[in-house]
Amino acid sequence: MYSGAAAAAGPPRRDFISVTLGPEEAIGVGGYNNSKAWRRRSCWRKWKQLSRLQRSVILFLFAFLAVCGVISYTSMGEAWKSITNKSLDEQRTEQEIPGLKLANPAVLPAPQKADANHGDYPELSLQKPPKPPHVRRGPSNLQIKAPRRDMRLKTRHDTIRAVEELVEADKVEKTEKSIISWRGAVIEPDQSTEPPSSKIKEPEKPSSMEAEDQKEPVPVNERQLAVIEAFRHAWKGYKEFAWGHDELKPLSKSYSEWFGLGLTLIDALDTMWIFGLKEEFEEARKWVANDLVFDKNVDVNLFESTIRILGGLLSTYHLSGDSLFLEKAKDIGNRLMPAFKTPSKIPYSDVNIGRGTAHPPRWTSDSTVAEVTSIQLEFRELSRLTGDEKFKKAVDEVMKHVHTLSGKNDGLVPMFINTNSGQFTHLGVYTLGARADSYYEYLLKQWIQGGKKENELLEDYMRAIEGVKKHLLQRSEPKKLTFVGELAHGHFSAKMDHLVCFLPGTLALGAHNGLAADHMKLAEALIETCYQMYAQVETGLSPEIVHFNLHAQKGHKDVEIKPADRHNLLRPETVESLFYMYRFTGDKKYQDWGWEILQNFNRYTRVPTGGYTSINNVQNPSNPEPRDKMESFFLGETLKYMFLLFSDDIDLINLDKYIFNTEAHPLPIWVPA
């Protein structure tokens, strides 16, 4: 026991407790140890104590969380990168344009700049170029959508080559193949009707083809291919024997000159474009660029040079967008203007385009009514393209003057007009044939071209058609064909020129543009007559002039042909009207009639060495008596209308957007707002 006495007796004593550790405690097994080795052994023992199911669930959860983590990391990384890039872009933009914030930063790459030195026929990329910002192009008051030159020409040209191979294969295999080609250009007029400025301006190119023109390719059928083959055969002869000259003489393998201005080549330019003949077009273009010169001492006919040369150049400019053709059109247009320097403002028939002088024919001071009133479409369009009012003013004055003249018979006009007095001459003779025909055609077409606003033109046209019904319409025997005759000093003649076969197409065009429905009925009757002018003839080709039987006679047909009238000049008027009739009615018989005519042209007028020839005798199939001359309008009109007739594509020269001049050169319609 512890007591004070004991404590005082000596120093304090220390007590100790002795602990003895067994072998397990000494090495830490089964007891607590904070070392890493101990923790690993403890976790592993716990893991081993879990059941297999528990271990599987835990492993699955760990794997799932790992996958989610990877996905989250990727998403967050992209978002952070986008935010960083956006911030950098905004900083750059603010440095360039202080104070500007991008609400919607661009996400498309900026378009690459076009190569400024492509040349006339640049190579095309298969990649569609980015759409440029909207810029108004083309002539004043028009939004022209011309096809991209290389794409349209190359596509159609390559397709036609392939198609011809397919057709040859078809002849052997007797199988049908689908033939594809691109159509020609489409024009979309701008919604504006302002007159062109009197200030001369630099012309602007028609804009390139946009999405509206990027429609599905339209099949080119066998009949259209036959037309292309006929054109190439004719072109072969012209190129080999008459290149750069006015007309081919295919039998003698030579040429003839009228003006010395390459009429056939210029007349055929837009035909080649519509057909897609790239190589031929390019070759002809080079001739126009290098060899077509108007500064020469030569007399040209105002009417013929306007409808063929000026009209052909303007049309080709609109279809191709190539300013070369507009520059040439301006040149010839200016050189033709001296014709209007007359006391009456009724133009002379002939102009020397080198000297700048004009004169009437040697034998008279008269001009024909058709010639002075069928140059308006072309000169009016030239004013729109150049902004120079002088062209339009000159031809409009002619129409206003003729509108006020006396000497008409219920809208029908005489054939001649004096350039000094401005009055009709040779009164009392009325016809829709030579020397008067296109006056009536251009009344309607000017009204359509100008947006249907020039009421005087429409009044004169409607009055004239009523005059035709009243004075010139008769029916033949035995088939009771409706035809248009002539009136001479009160006496009716059952004579009808092939030229009059323009009338069914013109009537149909008027009906399509909202005129009287009975115009279409008359058109249907007259086109039947024009077809019979071919069908009732031994060669299946129409003569230049026919006379109709007014009284039934045994063994006589409706059509009678006089020896002086039995020639055929490869004229286009019937095929032209067949085109309009098919386009507006869809009746396949019009295509069939045109096909018959093409086959007969091939049978009786085709020259083996190249070209086609006029013939003297349509009544003699064994010897049609070739005349050794291929008129320029065979390529410019006849074959062009054939090709369009056989097409089922209404946008291949859409008649709500184009108006054809009297030489089949399409010009844009000025659509009102």
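Cβ coordinates come from backbone N, Cα and C, glycine included.
Any TrEMBL annotation is an automated prediction that lacks curation.
Residues or ranges marked as active site, proton donor in TrEMBL: Glu304 (among others). Neighbours of Glu304 (active site, proton donor), defined as other CB atoms within 10 A of its CB across all chains, total 17.
Residues or ranges marked as active site by TrEMBL: Asp437 (among others). The Cβ of Asp437 (active site) has 24 other Cβ atoms within 10 Å, all protein chains considered.
Other Cβ atoms within 10 Å of the Cβ of Glu544 (active site, proton donor), summed over all protein chains shown, number 19. What TrEMBL lists as active site, proton donor is Glu544 (among others).
Annotated active site per TrEMBL: Glu573 (among others), in sequence order. In the structure as shown, the Cβ atom of Glu573 (active site) sits within 10 Å of 24 other Cβ atoms.
The Ca(2+) binding site annotation in TrEMBL covers Thr662. Counting every protein chain shown, 25 other Cβ atoms lie within 10 Å of the Cβ of Thr662 (Ca(2+) binding site).
Feature annotation from TrEMBL assigns compositional bias 'Basic and acidic residues' to 199-216.
Feature annotation from TrEMBL assigns disulfide bond to Cys501-Cys530. The Cβ neighbour count for Cys501 (disulfide bond), using a 10 Å radius and every protein chain shown, is 29.
What TrEMBL records for 110-151 (among others) is region 'Disordered'.
Summarising the annotation, TrEMBL assigns region 'Disordered' to 184-219 (among others).
Only residues 6 or more beyond the boundaries of the transmembrane segment (56-76), in the same chain, are considered here, and those with a CB under 8 A from a CB of the stretch are 50. TrEMBL lists 56-76 with the feature transmembrane segment.
Closest in space to Glu573 (active site), of the recorded positions given as Glu304, Asp437, Cys501, Glu544, Thr662, is Cys501, taking the CA atom of each residue. Around the Cβ of Cys530 (disulfide bond), 28 further Cβ atoms fall within 10 Å across all displayed protein chains. Closest to Thr662 (Ca(2+) binding site) by Cα-Cα distance, out of the recorded positions Asp437, Cys530, Glu544, is Asp437. Glu544 (active site, proton donor) and Cys530 (disulfide bond) are 12 Å apart (CA-CA, integer value). Here the Cα atom of Glu304 (active site, proton donor) is found 19 Å from that of Glu544 (active site, proton donor).
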